[in-house]
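This report refers to the structure that appears directly beneath it.
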Amino acid sequence: MDSQSNQTPWASASVTCLSLDAKRHSQCLDDAIKSGHQVNYSPARSLRYIAYTQRCGIRLTMLMLIMCLTFMPAHSCGPGRGLGRRRVQNLYPLVLKQTVPNLSEHQLGASGPLEGEIPRDSPKFKDLVPNYNRDIVFKDEEGTGADRLMTKRCREKLNALAYSVMNEWPGVRLLVIESWDEDHDHGQESLHYEGRAVTIGTNDRDLSKYGMLARLAVEAGFDWVSYVSRRHIYCSVKSDSSTISHVHGCFTPESTAQMENGEKKPLSQLSIGDRVLSMGSNGQPVYSEVILFMDRNLEQLENFVQLHTDGGAVLTVTPAHLISVWQPDSQQLNYVFADRVEEMNYVLVNDVVTGELLPQRVIKVTSVHSKGVVAPLTREGTIVVNSVVASCYAVINSQSLAHWGLAPMRLLSSLQSLMPAKGQLRTTSSATQPTKEVSRAEQQNGIHWYANALYKVKDYVLPKSWRHE
């Protein structure tokens, strides 16, 4: 093949521009000679035209590059909220006696523990709200309107389900057979007495729809759904107090971390810059620097999950926090929300004799109410608290994604470490005066601004299945 055919398009464009300029320059030169004018044909003027042709090629290159970047295919996070048509999801009906999730109703991963019956004369009765949704048929066998009363969370999920029912079966409406109950027609541990449960069907009483109705209830956000009978579906939700409690991930202030010198230090006394025992990316113990506190509030009352292991370790943490769970069958380590850790699961615990991180079986999972929350963030993104390996992250069920999201804070911490300390910037006279230092950790009261920003945008960029609900 001819060597000229191997030239780049930009060179061809430059030659074209050069030939056009040469023709124009030659024509002007001939006209000047014919008119008798003296022509000053300087080398500088020739160089100017050559430079012009080079700029022409550069401009064409930049134009093509911009066009390529403009029309490159975009990769977006989905299927979270955003513009465009929603992806079609295949829904499968539940089968008779199936429950979602496959847990006991009163476990933390489902609707949670009982909080006590709410009679009409109870101070908590005012927390129940009536539901006047016209798209819902309330059976109201008692004639007192009791079936319209429920908790705020239950009403929210029920209204969402009513909308789904109308979309699934036009002309059919959701039927509420039972909601809050004051006549004790159910079992002793029924959530109907707290307004947290509903028994539902469809107003056309078509029993063939009830398997799909149960699936729609799951999609609507009910915390526990049971296809308990061919004649009705049972749904329940967490209490309003548990859902408005801490939605982030924290430990209790009295929980301890191991310092590099072997000392056990309460999390409430940790400071930025402390090096605490963590787990490295290779699964081995490593000491990592505390770079900030995602949250710190020593006065706030919160609900916690308490994990007890067969080795005596006890970890107290908020439900949305990520815990490392060892899978002995597959020999893999996964991160699971604390309220979804079950008995007989394995968590990694620091062995005081060997110093290694070894799996221990969870023998009991309980819930406690305690005061204060502390959430230190280490450079590794993990921390060993009360000898149990835990993540520094919460709410999102991906340790790697959460760690990537905090990369700017790690970079900022690294840059700050290169800057001179405040004490080095003081003058000699001011250094002789007594001063009282207050650490940034002690000054902080509440959620860190960057962590709060991430929590706010998560609903718009992450799928619901990735988030703690």
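The count begins at 1 with the first shown residue.
Note: Cβ is positioned from N, Cα and C throughout, glycine not excepted.
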Joining GLU178, ASP181, ASP183 at the Ca(2+) 2 site recorded in Swiss-Prot, out of GLU115, GLU142, GLU219, GLU254, is GLU142
For ASP147 (Ca(2+) 1 binding site), list the number of other Cβ atoms lying within 10 Å of its Cβ atom. 23
What is the set of residues, excluding GLU142, GLU178, ASP181, ASP183, whose C-beta falls within 8 angstroms of the centroid of the C-beta atoms at the Ca(2+) 2 site? GLU141, ALA146, ASP147, TRP180, GLU182, ASP185, HIS192
Consider the recorded positions GLU141, GLU142, ASP147, GLY249, ASP295 and say which one has the Cα lying nearest the Cα of ASP183 (Ca(2+) 2 binding site). GLU142
For ASP295 (site 'Involved in cholesterol transfer'), which of the listed recorded positions (GLU141, GLU142, ASP147, GLU178, ASP181, GLY249) have their CA atom within 10 A of its CA? GLY249
Same chain, |i - j| six or more, Cβ under 8 Å of GLY249 (cholesterol glycine ester); the result in sequence order is MET294, VAL317, THR318, ALA320, HIS321, LEU322, ALA338, ALA375, SER391, CYS392, TYR393, ALA394, VAL395
Determine, for the Ca(2+) 1 site, the additional residues of the same chain whose CB lies within 8 Å of the mean position of the CB atoms of GLU141, GLU142, ASP147, GLU178; present them in sequence order. PHE138, LYS139, ASP140, ALA146, ILE177, SER179, ASP181
By a simple count, how many Cβ atoms lie within 10 Å of the Cβ of GLU141 (Ca(2+) 1 binding site), its own Cβ left out? 12
